[in-house]
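Structure, as structure tokens:
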Amino acid sequence: MSEGMSAARRRIRWIGPAAVAVGLTLGWAAGLGQGRTSLIAVIFFLAVNWIPGEADSPGMLGLICLCLGGLMGCGLGAIAGDPRLPLFLISVTLFHLTEFTFCVLFHEKDIEFRAFLLTPVPAAGYSVAIVAAMAEFWVRCALGGFALPGLRTAEVVLGASLAFAGWALRTAALFTAQSNFTHLVASQKESGHRLVREGVYSLCRHPGYVGWFVWSVSTQILLGNILCFFAYAWVSWRFFAGRIPHEEEMLVRFFGDEYLEYAREVPAGIPNASQLA
Ligand code: SAH
């Protein structure tokens, strides 16, 4: 990579936080309310599918930071009254901003649109999931809502705390594994790649995936969505059950007995997904 290119990429280190701060302020001050905020969120999550994964101009990346900060600000501004949808948007935008921040800090050559993980699967699958969650929520509200008031509070407290815990676990995994953690499963061992066994990696072998799983399913508890709760659980489990065997096969190839011993001592974390233990 040329000097100029890498300097341009590094500029995101200040453009990003500044854009998030401006977005937060504008979103919060706009006072759009939950209906219009949802509409903007739907447009954003659909529109991102047209952005190429390799887009890496600081302007484009800054714009995405601005939008995510803006949506988070809209959520914060609309949190009084019914906090469910605002907390959902805050938790989703926080998640994507964290993923991008991680790449900026530990994978400088991968600072591109893909790093936000806004389009992690083909065929706009992730956007469809986010839009479906908001649609189920709004349809239920239009039908008068099914939850009893007491149950709703329990859902909000349980859903929000578990979603936060899931995000925290994934974030801990990202910052523990650092450059060893990659959004794409490595099929060649990089020279600096070492086996991480400490911190959250001593609790389970896939804390990043467990964190994602808990986070995604808990956002549906928070919204009180029954259909999306089961759909998210099933789709997330399928995704990791497909990914973990391949990832572990590579890890055994990279680290041999060291990984097999680790697998004997520490559980995978995602049930029935590993072929090791
Ligand atoms: N499955 C892990 C990491 C996900 S990132 C988690 O859920 O936290 C995927 C990359 O992490 C893969 O390229 C794999 O080679 C690497 N990886 C997974 N576990 C690792 C470990 N314990 N130490 C080092 N690298 C690991």
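Just so it is clear, glycine is given a Cβ too, placed from its N, Cα and C backbone atoms.
Annotated transmembrane segment per TrEMBL: 12-31 (among others), in sequence order. Nonlocal intrachain contacts for the transmembrane segment (12-31), taken as residues 6+ away from its ends with a CB within less than 8 angstroms of a stretch CB, comprise 58, 61-63, 65-78, 97, 100-101, 104, 111.
Summarising the annotation, TrEMBL assigns transmembrane segment to 37-53 (among others). Residues 60, 64, 67, 71, 74-75, 78, 85-86, 89, 112-114, 118-119, 124, 127, 130-131, 134, 138 of the same chain lie 6+ residues outside the transmembrane segment (37-53) yet bring a C-beta within less than 8 angstroms of a C-beta in it.
Residues 12, 15-34, 37, 40-41, 44, 48, 51, 87-90, 93-94, 96-97, 100, 111-113, 116, 118 of the same chain sit 6 or more residues outside the transmembrane segment (60-81) yet have a Cβ under 8 Å from a Cβ within it. For 60-81 (among others), the entry in TrEMBL reads transmembrane segment.
Taking Cβ pairs closer than 8 Å, the transmembrane segment (87-106) reaches residues 12-13, 16, 20, 37, 41, 61, 64-65, 68-69, 71-72, 74-76, 79, 115-118, 130, 133-134, 137, 156, 159-160, 163-164, 167, 170-171, 174-175, 178-179, 181, 183, 215, 219, 222-223 in its own chain, all 6 or more past its ends. Feature annotation from TrEMBL assigns transmembrane segment to 87-106 (among others).
Residues or ranges marked as transmembrane segment by TrEMBL: 115-139 (among others). Same-chain residues lying 6 or more positions outside the transmembrane segment (115-139) and placing a CB less than 8 Å from one of its CB atoms are 38, 41-42, 45-46, 48-49, 51, 53, 64, 68, 84-85, 88, 92, 95-97, 99-100, 102-104, 107, 183, 219-220, 223-228, 231-232, 235, 239.
Taken from TrEMBL, the feature transmembrane segment applies to 212-235 (among others). Packing against the transmembrane segment (212-235) from elsewhere in the chain are residues 84-85, 87-88, 91-92, 95, 125, 129, 132-133, 136-137, 140, 145-147, 152, 155-156, 158-160, 162-163, 165-167, 169-170, 270: each is 6 or more residues past its ends and has a CB under 8 Å from a CB in it.
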